[in-house]
Amino acid sequence: MAKEISSELLNTILTRVGGPGNIASCGNCMTRLRLGVHDSSLVDPNIKTLEGVKGVILTSDQVQVVFGPGKAHRATKAMSELLGEAPVQDAAEIAAQNKRQLKAKQTSGVQQFLAKFATIFTPLIPGFIAAGLLLGIATLIATVMHVPADAQGTLPDALNFMKVFSKGLFTFLVILVGYNAAQAFGGTGVNGAIIAALFLLGYNPAATTGYYAGFHDFFGLPIDPRGNIIGVLIAAWACARIEGMVRRFMPDDLDMLLTSLITLLITATLAYLIIMPLGGWLFEGMSWLFMHLNSNPLGCAVLAGLFLIAVVFGVHQGFIPVYLALMDSQGFNSLFPILSMAGAGQVGAALALYWRAQPHSGLRSQVRGAIIPGLLGVGEPLIYGVTLPRMKPFITACLGGAAGGLFIGLIAWWGLPMGLNSAFGPSGLVALPLMTSAQGILPAMAIYAGGILVAWVCGFIFTTLFGCRNVNLD
């Protein structure tokens with residue numbers, strides 16, 4: 001195991017969050033170890049000073065420790081092993097902690113809600129990235145080498161093979177989301193997956209594609225399986241709640257036989273009658289809102305300028321349902337490259353700080369260690385190690401990101417919208433081959449590269465002019 005996530009470090013973190021008895025849950029996203037806590041008053045905020053920890057975000061019931069990509073997963077696995085060896089609490093202590101946890105939840109409802117999205121979508125992100133990269137590379141090769149869509153031979157076969165993963169992922173994505181969502185909301189994953197599959201089935205007997213459900217109406221009422229991800233999330237939440245209510249009254253001997261059966265019947269009825277139409281309306285409204293924001297240069301600037309703040313508070317995972325809605329409505333994720341400009345603005349700010357710092361200062365060492373991950377789309381080392389502790393550079397980094405978002409918004413406003421070819425992917429320079437547009441991959445790559453360049457330059461200029469005054473540059 002790497003030094004940064006040694007057992008000594010994890011034991012220290014465990015002690016500083018109040019010990020094993022204060023841990024309610026242990027999980028991770030791409031870059032953070034997420035520890036749910038019963039009592040936040042027991043948490044020592046100086047965890048962020050530990051060597052190997054790149055930052056800490058504290059909420060009323062969760063501690064997010066920033067390690068970085070890959071390391072967060074290893075840290076979570078090791079921490080889970082440590083927690084598994086922890087002594088069992090007595091009933092009185094558990095009751096007292098549950099009371100404190102309930103009180104904390106009353107003041108953090110929004111963060112609790114958004115944290116669910118991390119639980120649902122974080123396990124899917126590596127697949128999004130892999131499938132998106134393969135699709136982007138295949139599309140780039142086909143464009144550069146002028147390979148027709150109906151071409152035959154080894155190269156076309158290889159390109160089709162690279163593209164098939166993206167098709168498979170997005171064809172059956174709702175089933176994966178339904179499974180994870182049902183679990184996140186406290187239900188059984190397979191029940192959520194089965195309910196999600198109802199949104200995939202076809203209800204038109206004359207259709208020549210898809211999977212026919214076997215009926216075209218629900219007891220005489222029309223079926224309109226719209227809403228996709230939004231509807232599936234609502235249905236999975238309802239499924240978990242209904243399962244909990246059914247299990248509360250179900251005798252233990254009949255639980256395995258009847259609980260899921262009754263849950264599926266009730267949830268499917270609600271899905272056909274209420275959730276599918278409701279999800280469709282919400283889906284259309286959300287798509288309309290963000291499509292209009294994406295085509296509005298000022299809206300793009302605001303979104304890009306505020307995204308770093310969302311990352312700091314750990315609520316950026318809340319955008320993932322929007323990404324999926326845009327994929328369904330546009331065929332690409334036009335919001336993601338706009339938000340990616342936030343990280344590019346931070347790179348420009350960090351370079352300005354490096355330029356203004358003394359040759360052998362600690363700040364220069366910090367920037368050198370964090371700039372490469374920043375260029376590749378991993379922004380936490382720059383946020384928590386360089387810009388946020390000095391505040392002014394963090395603000396100018398946000399302004400640099402806003403300038404990049406404004407650039408992409410202007411290009412879209414002039415008639416060339418572009419976006420990511422996947423619901424989620426890497427940002428920074430790594431995302432270049434994942435860009436796509438109605439005019440092809442090369443114009444999309446050029447626009448994205450232009451936005452990054454604008455954000456770099458503006459972040460550098462804003463920080464040089466306004467972000468270094470009365471700021472510690474040592």
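All positions are counted from 1 along the displayed chain.
Cβ coordinates come from backbone N, Cα and C, glycine included.
Topology check against Swiss-Prot: R32 and N296 carry distinct topological domain names and occupy opposite sides of the membrane. Take the transmembrane segment (261-281) and the stretches 124-144, 218-238, 302-322, 335-355, 394-414: counting Cβ pairs under 8 Å, 218-238 has the most. The average per-residue pLDDT of the prediction over the topological domain 'Periplasmic' (356-368) is 86, rounded to a whole number. Each residue of the topological domain 'Periplasmic' (145-157) gets a DSSP state, and the totals for helix, strand and coil are 4 helix, 0 strand, 9 coil.
A 10 Å cutoff on Cβ-Cβ distances gives C29 (active site, phosphocysteine intermediate) a total of 24 other Cβ atoms nearby, all chains included.
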